[in-house]
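Comments concern the structure below.
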């Protein structure tokens, strides 16, 4: 045996998977069998316990067994070094909360006390050159603009001035995009430590409760089968079942969604135990059975093959039932739908119906086929009435937030779109490694996971994966104050969504004001405004009221908190009832739930009373004259409510975390044809324009709060990028104009100017290459992102800017279009689907103009001779830059075209144009002899 093959470090669990270590019988050290599975245990000093020693052959050298060998000593030193580093990390991050002296054997004796996650900074060998190039590029930009401004083109002054304005804007937008990526980081979680701390053997799990929100609107555009797979992946997640509640918001009040959810709950009774028994991944059946892998690999259970085949048959039958419901729903009866008991479906009128709640799973008597408890599954459709502004998705999420607070009141929330299933069953545990960390978790408002997608073609023609944003920009933000909220795949702290400020450094009670420390934000704007011994204004208001008013306020509060534990009624009355109702609405039960930082519901409350209160909190008028959508919950005022919501929480001093587990936590579907993709980008850009013209614009909102400068830069960049469409349109038009007129935006270059231009191009390329290096993004992904930046900029962003101006100046509201989800009629079938839309006009115009410009420019150079080719190269390069960036758009316009490659069509058109012009230039009809009929051009007079 080679001594170098031996290892002495006990393998640890990371990301929930055991590392392949050396078996106990081959190890040089004697390890009890119960310690060889990667779990940390305390040593047992019982002398009666004996272990059989490993027999050694006296004829062999001890180095064979590992003892005394150089490799063994080096490994031991390396192991000790790692343990000391872990110990220093614990000391640095405050792992010793109880104030006891740290045990030198803490890293190996009490791993459960160590931090649940750690930062993994990017190597300085990658970041230092990157930062140096950024600074160097700033200097080069200064020299570039110094030359450009001081050397105008007099015979094309308008073109020159337009180009200068565009270039200045591009430079400013680059600064807003670049500097938030100054300190990128990565993170690593320790799921084994989470289990050691909160899931002790023989005791109930102490992991926190989580409420999961799934939002859906139109079942015809968001197929119920996709929603069902998302729900099934949630119900089968690797988390204690009594701590998971799934709420499905049906904002379209569709009976199809209701019936599909009923079928899903029945199928979940078989699917959930199957997933947990065999630990399969992913736990969405559609995507699990679609995997092109050998499902027998690493499966030693003889019953697995039999049960898998039976489960696949059950799922195929489930799909048939769901598809049957979809087919039936397309033929709506004249009198509307009726339920099984003969009563009309309450949601027949989508815009005028009462609130509906149905508990499918989680109540008594409903268990899986093995007799075990299932997570809660609750259907919610909020009330809708004419004349009320329902605030689209943000309003639906706030309704779910109130319903969940009344029924389950988990301290943490996860929201996912109906097409984003849980791809990693341990995703909730990954988030809890940050949220439940005793040292840093209290300041985290949400944990954002990157979006990953299925069903996208290999070349990702329209940059649907958006990996540049998720793998580069978001890592950079994580090193500042945290990533922005992207609308799905995000675990929230409920208290942060209630509009509370982030907790400050702990101070003894009574040092700041007479309010109790945990809830000071209810009764005063800031603790700094109060000194010891003084009374807050709100307490003065209560004390100034008459006795009957005080008693009435106390009775209402006590009515809501009756049955809750951990709330002091005397403390609760310090917060005036009128202020609580103004903030949260008139529901004593809900108001009382907001006071519980760790969540919980009244133990003695009946299900009927809680459901009655839940119906009340989703009524249309509940939010009137409250702070919902302003300071509480998802923020209103934009179709991209995600940016506003995250921005408000960061302004309250919270920080967020970006979690990128090795196995993607969530996966979804994306629109892959050109038209749907442009409409999706249009919606995002329109939301940014709405924020730009609102009071919450990051340019002027939130100063003096907890928002860091570079974080503000990122938010400014996220709302001003649609404005780039104007200079981008102008800049993409300039090449065609230059080729058609023979003018150019740059005068004849000197040696100095050539060096500056070359340095600028090299710095741009170097920045891109270094970003690729530390971000782990492919060069093709970066190029696709650059191409679609131009395509979306000249189409969707431009129309979003126009629509935003119409809304602000003329009050014209634009309708919200739900993006169609992936179809199942063939792989990439929608990629070649052509849907005409007005968004295609600007890029098509630019493409045609630049192609014509290239043809005219080349023809003119042929006509004028050799000397005209030199000035032409700059114009041609400029025009080809536009054409190459619009190439994916051209492919999308062409569609399949009978499978003829688009490049052949493009070159055919281009060559045909050039040959036609050359044919005219040769003039074959000219007479070969005799008198020439052409004008000689001489003035005979």
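We number each residue from 1, going along the chain as drawn.
Heads up, the Cβ atoms here are built off N, Cα and C, so glycines get one too.
The annotation active site is assigned in TrEMBL to 251 (among others).
The number of other CB atoms found within 10 A of the CB of residue 642 (active site), across every protein chain shown, is 24. Taken from TrEMBL, the feature active site covers 642 (among others).
Marked as UDP-alpha-D-glucose binding site by TrEMBL: 215, 221, 222, 251, 392.
Taken from TrEMBL, the feature Mn(2+) binding site applies to 393, 417. The Cβ of residue 393 (Mn(2+) binding site) lies under 8 Å from the Cβ of 215, 217, 251, 634, 641, each on the same chain and at least six residues away in sequence.
Residues or ranges marked as region 'Disordered' in TrEMBL: 91-118.
The transmembrane segment annotation in TrEMBL covers 127-145 (among others).
Same-chain neighbours of the transmembrane segment (157-176): 141, 145, 148-149, 713-714, 716-717, 720-721, 723-724, 727-728, 730-731, 734, 737-738, 743-746, counting only residues six or more beyond its ends whose CB sits under 8 Å from a CB of the stretch. The transmembrane segment feature in TrEMBL is assigned to 157-176 (among others).
Under the heading transmembrane segment, TrEMBL lists 719-740 (among others).
Within its own chain, the transmembrane segment (752-776) has Cβ neighbours under 8 Å at 122-123, 126-127, 129-130, 133-134, 136-137, 140-141, 143-144, 147, 151, 178, 181, 184, 468, 471-472, 475, 746, 782, counting only residues six or more beyond its boundaries. Under the heading transmembrane segment, TrEMBL lists 752-776 (among others).
Summarising the annotation, TrEMBL assigns transmembrane segment to 788-810 (among others).
If you look up TrEMBL, you'll see 831-852 (among others) marked as transmembrane segment.
Only residues 6 or more beyond the boundaries of the transmembrane segment (872-890), in the same chain, are considered here, and those with a CB under 8 A from a CB of the stretch are 461-462, 674, 732, 734-736, 738-739, 744, 746, 784, 786-788, 790-791, 840, 843-844, 846-847, 850-851, 853-854, 857-858, 860-861, 902, 906. Feature annotation from TrEMBL assigns transmembrane segment to 872-890 (among others).
Taken from TrEMBL, the feature transmembrane segment applies to 902-922 (among others).
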Other CB atoms within 10 A, centred on residue 392 (UDP-alpha-D-glucose binding site): 15
Rounded inter-Cα distance in Å - residue 221 (UDP-alpha-D-glucose binding site), residue 642 (active site): 22
Neighbouring C-beta atoms (10 Å sphere around the C-beta of residue 251 (active site)): 22
Distance [Cα-Cα, Å, rounded] between residue 417 (Mn(2+) binding site) and residue 392 (UDP-alpha-D-glucose binding site): 14
Cβ packing number for residue 215 (UDP-alpha-D-glucose binding site), 10 Å threshold: 21
Cα-to-Cα gap, residue 642 (active site) vs residue 222 (UDP-alpha-D-glucose binding site), nearest whole Å: 20
Other CB atoms, at most 10 A from the CB of residue 417 (Mn(2+) binding site): 24
For the binding-site residues 221, 222, the one whose C-beta sees the most other C-beta atoms within 10 angstroms: 222
